[in-house]
Amino acid sequence: MPPSISAFQAAYIGIEVLIALVSVPGNVLVIWAVKVNQALRDATFCFIVSLAVADVAVGALVIPLAILINIGPQTYFHTCLMVACPVLILTQSSILALLAIAVDRYLRVKIPLRYKMVVTPRRAAVAIAGCWILSLVVGLTPMFGWNNLNAVERAWAANGSMGEPVIKCEFEKVISMEYMVYFNFFVWVLPPLLLMVLIYLEVFYLIRKQLNKKVSASSGDPQKYYGKELKIAKSLALILFLFALSWLPLHILNCITLFCPSCHKPSILTYIAIFLTHGNSAMNPIVYAFRIQKFRVTFLKIWNDHFRCQPAPPIDEDLPEERPDD
């Protein structure tokens, strides 16, 4: 008999479904925009597509699995473990995509004349593939043995049961907090975030320095070139800020769980932290639409061409620079 769903769980499921309904179409639109607009084909936007793919998967895969875990079905231990791992893979993929974007923007302002020779489409594709492979290794580490199976088996045997343990599927029941804090957070989340902060600080410093010196750039117009780089860097730094704001609360709660087992964590805080992590996947398309003009114009063209049946004029790949308030 399936477990009954409380009113609180129903509200949780409703909010999760709403996030998914915003996240999936929004990020599909990002991928679509890069496909139809040649001006969105440089390395940065390829990494943005990788980020959007991860966000689509959050809405289409992770949120349904999170709803399943919230209902708490009875499953075998390793089945529950497989349900819990996708979010780890996709989180890591998002972090590495953000790091690749930060490095790419740094190279654009550090070596503008040699940028296109250094950052080739092939190297960008290799970097994206490397990010996903590394994300799979980090996210699937619990499947290789760093999990709570031993503790669950001891409890299972203490009850006189035999075979693989059958448990109520919950994230913390199968995923080791030592893995989440020491390996996932302290190695693969916090250091990349701090590194990205340093990279963007250096990017802003270099841009301001070049704007003040008015050094020639590949565009032939330093004010235009570095002004554009400054606006895009601000938008991408905002993406990073929102990601950190969305994910750090949950990792802090994990640290409390590990270092202070007796501390009481109100369940509402855990739910808010989960909503923030999932909601982050819906934020990026909104930021692109409001902050990056090439995306905004392409989104409108797609809307007019395919949903309003009113073909828009062709996209001008040499769009004027974003307004100062963009």
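Each residue, glycine too, has its Cβ placed from N, Cα and C.
What you see is a predicted model, and the numbers here were worked out from it, not measured in a lab.
Per TrEMBL, the features are:
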- 12-33: transmembrane segment (TRANSMEM)
- 26-288: domain 'G-protein coupled receptors family 1 profile' (DOMAIN)
- 45-69: transmembrane segment (TRANSMEM)
- 75-103: transmembrane segment (TRANSMEM)
- 124-146: transmembrane segment (TRANSMEM)
- 185-207: transmembrane segment (TRANSMEM)
- 236-259: transmembrane segment (TRANSMEM)
- 271-290: transmembrane segment (TRANSMEM)
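Counting only same-chain residues 6+ beyond the ends of the transmembrane segment (236-259), those with a CB under 8 A from a CB of the stretch are 44, 91, 94-95, 98, 101-102, 105, 172, 177-178, 180-181, 184-185, 189-190, 193, 196-197, 200, 204, 265, 269-270, 272-274, 276-277, 279-280, 283-284, 287, 291.
Here the domain 'G-protein coupled receptors family 1 profile' (26-288) has a mean pLDDT of 93 out of 100.
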